[in-house]
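Lifted from Swiss-Prot, the feature list:
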type	residues	note
BINDING	Trp13	chlorophyll a 2 binding site
BINDING	Leu27	chlorophyll a 3 binding site
BINDING	Ala30	chlorophyll a 4 binding site
BINDING	Val92	chlorophyll a 8 binding site
BINDING	Gly106	chlorophyll a 10 binding site
BINDING	Ile138	chlorophyll a 5 binding site
BINDING	Val211	chlorophyll a 9 binding site
BINDING	Gly225	chlorophyll a 12 binding site
BINDING	Glu345	[CaMn4O5] cluster binding site
BINDING	Leu404	chlorophyll a 7 binding site
BINDING	Phe415	chlorophyll a 13 binding site
BINDING	Gly418	chlorophyll a 1 binding site
TOPO_DOM	1-46	topological domain 'Cytoplasmic'
TOPO_DOM	72-111	topological domain 'Lumenal'
TOPO_DOM	134-155	topological domain 'Cytoplasmic'
TOPO_DOM	179-232	topological domain 'Lumenal'
TOPO_DOM	254-268	topological domain 'Cytoplasmic'
TOPO_DOM	291-424	topological domain 'Lumenal'
TRANSMEM	47-71	transmembrane segment
TRANSMEM	112-133	transmembrane segment
TRANSMEM	156-178	transmembrane segment
TRANSMEM	233-253	transmembrane segment
TRANSMEM	269-290	transmembrane segment
TRANSMEM	425-449	transmembrane segment
Amino acid sequence: ATNRDQESSGFAWWAGNARLINLSGKLLGAHVAHAGLIVFWAGAMTLFELAHFIPEKPMYEQGLILIPHIATLGWGVGPGGEVVDTFPFFVVGVVHLISSAVLGFGGVYHAIRGPETLEEYSSFFGYDWKDKNKMTTILGFHLIVLGIGALLLVAKAMFFGGLYDTWAPGGGDVRVITNPTLDPRVIFGYLLKSPFGGEGWIVSVNNLEDVVGGHIWIGLICIAGGIWHILTTPFGWARRAFIWSGEAYLSYSLGALSMMGFIATCFVWFNNTVYPSEFYGPTGPEASQAQAMTFLIRDQKLGANVGSAQGPTGLGKYLMRSPTGEIIFGGETMRFWDFRGPWLEPLRGPNGLDLNKIKNDIQPWQERRAAEYMTHAPLGSLNSVGGVATEINSVNFVSPRSWLATSHFVLAFFFLVGHLWHAGRARAAAAGFEKGIDRESEPVLSMPSLD
């Protein structure tokens, strides 16, 4: 096979798929095999989590990141997020494991046995990186698949058993979403919101109607855009504006993935609707507000007048007013005054927290939930001795929110660097001055061996 070495491809073995830039068949094999690795990890890791799973303990105490995703989709859980059946977790793991074998076979086939280039095999699957019309057609197929993916969530929510709704009355429960939000003013209003504070841009979505309605919109938009890109050829301005090369497309993709990674970071850190706290543990603001509530309850039982007690700063010790006049929790948690959560909202009135409800109407389940969330804040250090930094070493808890937010932030940053790197190379190559490092006269080649 050609393009296995530096002489035939211009790239050394460690440059990986760069050797396959012009071998569409081999590149297909690499991508299908990569998909197989991804799906294999999903299946194997789900089964690993299930093998270690203790139904009596919260998922977030067991370091789980995959089973919570399955549970959020409404499989295997019931009222309050309690696991009622672990079999769906097993099924999801096995289905991914089996499909990864199919992908693995396809990847190996196209890497070893299949045609090196698809062009001589099929005009439909073949392509040339510089063929602008073919590239936008491929873009169209990708958009249609993404749209179908979005609509699959809609189908699960509306027709196949529903999703887990942490806001369901009487405590979270699996609920069929029968009335998704289709009003474009609501859906696109999220995109126009400020990203700061309680506004929170799209991350502020706090009900499943809006989530499912948004997926209906984005699914239909992606499918319509896909059909458009298949049927049309790029306009002159687009032909002139973009760089049309394999490396340019790589940079566009990395840029998009970077953006998605940063958005996912904010979602898993702040949003407790699509990442229910029953599965992922409390958000940072949630744990802080829960601590304020826990000690308010304790001191109120001991006789404190929580409505008028003054703290060491002269502000209210337990309750104070927000910048816009609502009654909020006092102390350091004041910065999280726009937190919303299903365990706290029943205590609100028309002007923030309702003093009458706080004095007379806090339910035992709210007290327990606040204490649980207070002690499971998403704090943690590198060596996994979690909890507050001053905590004794017997505490060993790191929230899945910490792991997921940190990993997605770091990966999103790496992808952003990769985007800039490949965009710069692609633009330089298009402008005709891209040289790279001259491998013939690379200094290291003339240096003596390290040993």
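Glycine residues also receive a Cβ, built from the backbone N, Cα and C atoms like all the rest.
Below 8 angstroms of C-beta separation, residues 202-203, 274-275, 280, 401, 404-405, 408-409, 411-413, 415-416, 418-419, 422-423 of the same chain, each at least six residues beyond the ends of the topological domain 'Cytoplasmic' (254-268), sit close to that stretch. Per-residue pLDDT, averaged across the topological domain 'Lumenal' (291-424), gives 92. For the pair the residue listed as 'chlorophyll a 7 binding site' and Phe415 (chlorophyll a 13 binding site), the C-alpha distance works out to 16 angstrom. Counting in whole angstrom, Ile138 (chlorophyll a 5 binding site) lies 30 from the residue listed as 'chlorophyll a 8 binding site' by their C-alpha atoms.
With Val92 (chlorophyll a 8 binding site) as the anchor, the candidate binding-site residues are Gly106, Gly225, Phe415, and the one with the nearest CA is Gly106. Long-range Cβ contacts of Leu27 (chlorophyll a 3 binding site) within its own chain (separation 6+, distance under 8 Å): Asn17, Leu20, Ile21. Counting same-chain residues at least six beyond the ends of the topological domain 'Cytoplasmic' (134-155), those with a Cβ under 8 angstroms from any Cβ of the stretch are 73, 127-128, 180, 212, 215-216, 218-234, 244, 249.
For the pair Phe415 (chlorophyll a 13 binding site) and the residue listed as 'chlorophyll a 4 binding site', the Cα-Cα distance reads 19 Å. Fewest Cβ neighbours within 10 Å among the binding-site residues Trp13, Phe415: that distinction goes to Trp13.
Closest to Gly225 (chlorophyll a 12 binding site) by Cα-Cα distance, out of the binding-site residues Trp13, Val211, Gly418, is Val211.
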